[in-house]
Amino acid sequence: MAFLSSTLHSLGIFEKISRIKEVLKNRLLDLTKRRDQAREQQRKRPHTIIQGLLLWSLPVSWIRFLWRQPGEFPVTAFLLGAGTGGLLAIGLFQLLVNPMNIYEEQKVVALYCLASLGAIGWGTSPHIRCASLLLVPKMLGKEGRLFVMGYALAAIYSGPAANLRSNINEVIASLGCTVELQINNTRSAWRVSTAPLRAVFKGMVGSKDSLNKEIQNVSTSFEEMDEQVKSDAGYSSEDWDKNRESTEMFGTSRVRPYLSTQMVYELRTRLRCIHVVNKAILSCYRWFDKKHKNCMRRIHLPLFNNMICVPMKFKFLCNIAKVIEIWCYKRIPVEGNFGQTYDSVNQSIHGLSGEFSANINLKEEKQSSMVGLNTTNWEHMGTEVRDYVRQQETYLQWAMGLLHVLLSCTFLLVFHSAFSYMDHYNWDIRFDNIYISTYFCQIDARRKKLGKQSLLPLRKAERKTVIFPFKATIQAWEMRYVIRELLETLPIVLLLLVLCAIDWALYSVFDTIRQHSFVQYSFRSSHKLEIKVEGDSILAKLLRKTIGALNTSSSTDVETNNMPCLPQPISLNARDYFKASLPTLLLVCLCLAQAFGYRLRRVIAAFYFPKREKKRALFFYNEFLKKRSAFTKLRRAAIVRRANQQKAPPHYLVEALYRRCPLLHRFMRQRCVVCQAMETPDSYVCPTPDCKALYCRSCWDDMQRLCPVCTPREELSSSAHSDSNDDAVYGD
């Protein structure tokens with residue numbers, strides 16, 4: 001045994017065992033001390049409701065972790081904080097960044113950055129954790145309302161505004177379609193009505209070669225007639241010159257008369273007639289001469305032959321033919337309009353002798369632009385209107401994308417507001433220090449137990465300057481901010497109501513137009529034209545080739561309607577109106593919940609900074625004690641002002657209404673000059689003749705039964721005589 005003991009001593013086994021015992025003993029004492037501290041913490045009265053609820057509901061180990069000292073559980077605190085911060089950052093990414101219209105690579109980079117910052121911040125800094133939780137009540141404040149207002153505007157745009165614009169675009173497209181339909185119907189009617197005439201023209205143009213052949217035949221035939229008219233046969237040139245000179249002698253003018261075709265042809269016909277008469281006389285002369293010679297040749301007796309052949313000498317009988325010349329002058333067989341007809345036919349024949357050709361020219365007249373559209377072709381009006389509508393929708397979609405980006409950026413204001421509140425909470429002891437907290441009540445109860453001056457219950461006038469965080473109603477101090485926020489929300493509500501009303505009204509109008517604007521277009525036309533040209537002459541053939549082309553018949557029956565052009569308005573159902581108004585209703589609810597959200601800010605900040613909360617509550621209590629001691633003097637200026645307003649004579653209209661309308665008496669009662677409560681039968685009126693200030697019973701007791709209006713300043717309880725400028729402010 002001695003050897004074993006010496007061996008163990010030489011190896012230092014006993015020293016190591018003793019050291020292990022010391023370490024275990026110290027750890028056991030430390031655990032016992034911490035357990036005692038936890039039990040003492042549990043036995044100690046909590047300073048906040050949150051602390052009390054956590055002590056009541058959580059196990060001891062969790063309580064030790066939550067209210068740990070600096071440096072305790074560093075690894076656990078970092079891991080839990082990093083995990084929580086990373087999850088919150090991912091949720092924030094899904095809410096703000098993921099809806100953006102950006103590249104996926106940029107979204108991945110933003111996700112990694114947000115998750116890293118959230119994990120590091122929550123794992124290392126309580127200020128980051130506090131500011132992150134402050135986002136919840138800040139979302140109920142004006143910053144959150146700004147964020148929700150963007151979604152409200154987006155919902156209004158995507159709901160009634162988008163539907164309103166869609167219906168207006170539908171009507172614009174309907175107008176363009178109607179104009180295009182009318183133009184097409186007019187064009188179709190014009191084409192149908194002019195189709196026979198165009199067919200005639202095309203037929204004439206198509207029969208150009210045959211017409212040219214017929215015209216050449218007519219020209220050839222007319223040349224023979226023209227040669228006959230212009231021929232000099234049947235008379236001698238001497239007769240022509242002699243008769244022409246005699247014709248010119250009839251003219252009284254010195255100017256050589258113009259011989260028309262009619263006169264020339266009559267002259268030539270007359271000369272031919274006279275020439276025939278003269279030839280007849282000459283033939284008669286020759287016949288008598290021939291017969292006289294034959295007679296003389298047959299009768300050889302000289303005397304007898306002269307006597308017997310004497311009748312053959314009666315050539316004067318041939319002059320009887322001169323009588324016919326009178327007929328040549330008086331009854332010449334020439335029509336009176338032959339010359340004019342000949343000239344017309346001659347001119348026509350020479351005109352037809354040219355090549356027959358026809359061209360159809362269409363002239364297009366461009367009208368001015370219509371309804372603001374720079375249309376260059378009526379046929380494309382509907383297409384241009386639809387393109388214009390699509391272009392406007394593209395611009396609006398781009399604006400909506402920009403609005404979504406701006407909405408995501410507005411969340412930065414919420415972050416800034418949360419950090420700003422935390423900084424003001426830690427550095428400005430008066431900032432948002434108007435709450436009657438649990439620790440405030442504990443201080444007052446402890447002072448009351450020690451017999452010192454206490455503050456609770458507060459006076460009636462004092463209750464309007466503080467906030468009781470456990471009351472479920474909106475208090476006077478909070479009400480002014482709630483009313484202001486509701487007034488700021490009123491334009492959004494009015495915009496929603498006006499757009500919904502306009503959308504419903506326009507839908508009703510457009511639907512009525514659609515139901516009662518159906519138009520049926522009917523176009524019916526028929527014709528049958530038949531021209532018969534009889535005869536086998538050249539002119540008849542020519543007329544059959546030309547005028548005969550008019551022998552056409554057609555029957556047209558066109559029916560169309562404006563059903564494709566009628567507007568098809570879209571109406572919003574109850575679900576659409578609810579989706580459009582839900583963000584606006586949420587905005588109004590946020591205005592009402594702002595007071596409770598602002599109370600939650602102080603609770604979160606007090607949980608992370610309990611020592612700072614104790615200092616703030618103690619400062620607020622001491623400040624309240626000072627104000628209580630000088631309550632009368634601090635409120636004197638406001639009391640005197642209200643008393644002077646009550647003594648002022650009312651407006652004559654108000655006085656007349658007061659006399660004539662007994663029902664208005666309850667609304668026109670006077671108020672307490674301290675707390676502004678309505679006059680009751682228990683109210684006290686100052687008996688001083690020139691004062692007559694009204695007090696409720698509780699305020700009169702708080703004034704120690706001294707009227708600040710008519711009591712000299714030196715007799716009041718303090719030397720202060722004006723409102724304090726160092727009051728705590730409400731953290732807006």
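Cβ atoms are placed via backbone N, Cα and C, with glycine included.
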| field | Identical membrane-side domain name, Glu22 and Glu104, from Swiss-Prot | value | yes
| Residues of the parent chain within Cβ reach of the transmembrane segment (108-128), under 8 Å, 6 or more residues beyond its termini | 77-79, 81-86, 88-90, 92-93, 97, 422, 608
| remark: Three-class DSSP assignment, Asn346 (N-linked glycosylation site), comes back as helix
| note | Cα of Asn184 (N-linked glycosylation site) to Cα of Asn346 (N-linked glycosylation site), in Å and rounded, measures 48
| said: Using DSSP and collapsing to three states, where does Asn184 (N-linked glycosylation site) fall: helix, strand or coil? | reply: helix
| request: Measuring Cα to Cα, tell me the gap between Asn346 (N-linked glycosylation site) and Asn551 (N-linked glycosylation site) in whole angstrom. | output: 28
| remark: Cβ-Cβ distance under 8 Å, sequence separation of 6 or more, same chain as Asn551 (N-linked glycosylation site); the residues meeting this, in order, are Leu529, Glu530, Ile531
